[in-house]
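Heads up, the thing below is written out as structure tokens.
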Amino acid sequence: MANKSGRITQVIGAVVDVQFDSHLPEILNALETTNQGNRLVLEVAQHLGENTVRTIAMDSTEGLVRGQAVEDTGGPIMVPVGEATLGRIMNVIGEAVDELGPVVGEAKRAIHQQAPSYSEQSTEAEMLVTGIKVVDLLAPYSKGGKIGLFGGAGVGKTVLIMELINNIAKAHGGYSVFAGVGERTREGNDLYHEMIESKVNVDPHENNGSSAGSKCALVYGQMNEPPGARARVALTGLTVAEHFRDQGQDVLFFVDNIFRFTQAGSEVSALLGRIPSAVGYQPTLATDMGALQERITTTTKGSITSVQAIYVPADDLTDPAPAASFAHLDATTVLSRSIAEKGIYPAVDPLDSTSRILSPLVIGEEHYNVARQVQQTLQRYKALQDIIAILGMDELSEEDKLTVARARKIERFLSQPFHVAEVFTGSPGKLVDLADTIKGFKGLVEGKYDHLPEQAFYMVGTIEEAIEKGKKLAAEAA
């Protein structure tokens, strides 16, 4: 080990220079030292010559001194993987931060991996049924696809993410990994407790300190962490997800927020002395994003489906950060404040959300035709809203009145009670089968349910429930 040790020569914020006597660690190797009694990991980013390497610190560098000894571990950052990570919270270097003792995984795996080769990748376009009507019908997710979740504050992003984890866990028996990149610590804490309350994860305090039986692993690098940790925590989460995929699982991988992954990369880039590119971002923006996104893919063994929350700076979609992630997305789920204001949850915008697999070749003729008819009806209603606002409903033709009535029913039928929101709403959550979703909306656009009041369609699961609710409303009115 003697020849593998070096010493710190310079500390500038999150960037630390280390000089070695003879041995020089490779780029991306993890170096270890101690700082105020804690293990500090440094990742090699550049070779400067004269046996000196420039590294990025994965934790605070306050307290480091020049001349301090540093050891080369001989490989990249290694994190525990496997079922031991489920129900636990880890940081970027795989240390537990939930005060339940260390995470002892089946194995350790390097956070930097090659993307699967062409021969390993699966080329089938297969739909991943989520049990959420609006998503399954109008912007279906594909197994192994990448979904961008666009939404402001308070429109239900976290609840939608929670419900997806819950539904996939129930319907597919699959595992989920949540990477909080530049997360608010409070939100991360809320998510952990919400998962226990909604039975996605097991409460260790009621299970002899064990989280066995949980369905979701959490990897956090919060806002207060140095940029090194925020730039790598998405890779740590992905490494945990890749292990489950290689075991033959269908994994759901959440990143909140992909913009902060880019932002952290930009902070580090400036400290490393790279010349910034457009809008001050790192020159390696597309490479960094590609290295992460190309690993999120379906292989012949299993699939990773990723849902990524994307913050758009100043609502400018042409900003280099969101633009770099757009190139990789297969589907976009847009959450709209105007829909949330109507009390329709999930507040997914049915006209703005898109999907690559909304094609008759993948989802079949019937599903495709019903989805297009639903969108046409909603689009027509949107076009008529100005006329209604100025002249009122009475000025519309009979045909347009019928379109408006159907569109309002469709709007309400796109709402659905969530399992994870049961504690707040008091109404039991619904998981709707794809065939039931198509059948319900097909009947709506064909006019089979024109006789039912629009309230009957609000916050129900299948069309049968809407008919039942309609009968109840009629009985109450009588």
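Each residue, glycine too, has its Cβ placed from N, Cα and C.
These figures come from a predicted structure and were not determined experimentally.
Ala153 (ATP binding site) carries neither a helix nor a strand DSSP state and counts as coil. Residues annotated as ATP binding site in Swiss-Prot: Gly151, Gly152, Ala153, Gly154, Val155, Gly156, Lys157, Thr158.
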Out of the binding-site residues Ala153, Val155, the residue with the smallest number of other Cβ atoms within 10 Å is Ala153
Could you tally the C-beta atoms, other than its own, that fall within 10 angstroms of the C-beta of Gly151 (ATP binding site)?
22
Cβ atoms other than its own within 10 Å of the Cβ of Gly152 (ATP binding site), all chains, total 13
Residues near Gly154 (ATP binding site) in space but at least six apart in sequence (CB under 8 A):
Ala340
Long-range neighbours only, meaning 6 or more apart in sequence with Cβ under 8 Å: which ones does Thr158 (ATP binding site) have?
Glu187, Asp190, Leu191, Glu194
Give me the sequence-ordered set of same-chain residues, not including Gly151, Gly152, Ala153, Gly154, Val155, Gly156, Lys157, Thr158, with a C-beta within 8 angstroms of the centroid of the ATP site's C-beta atoms.
Leu335, Ala340, Ala347
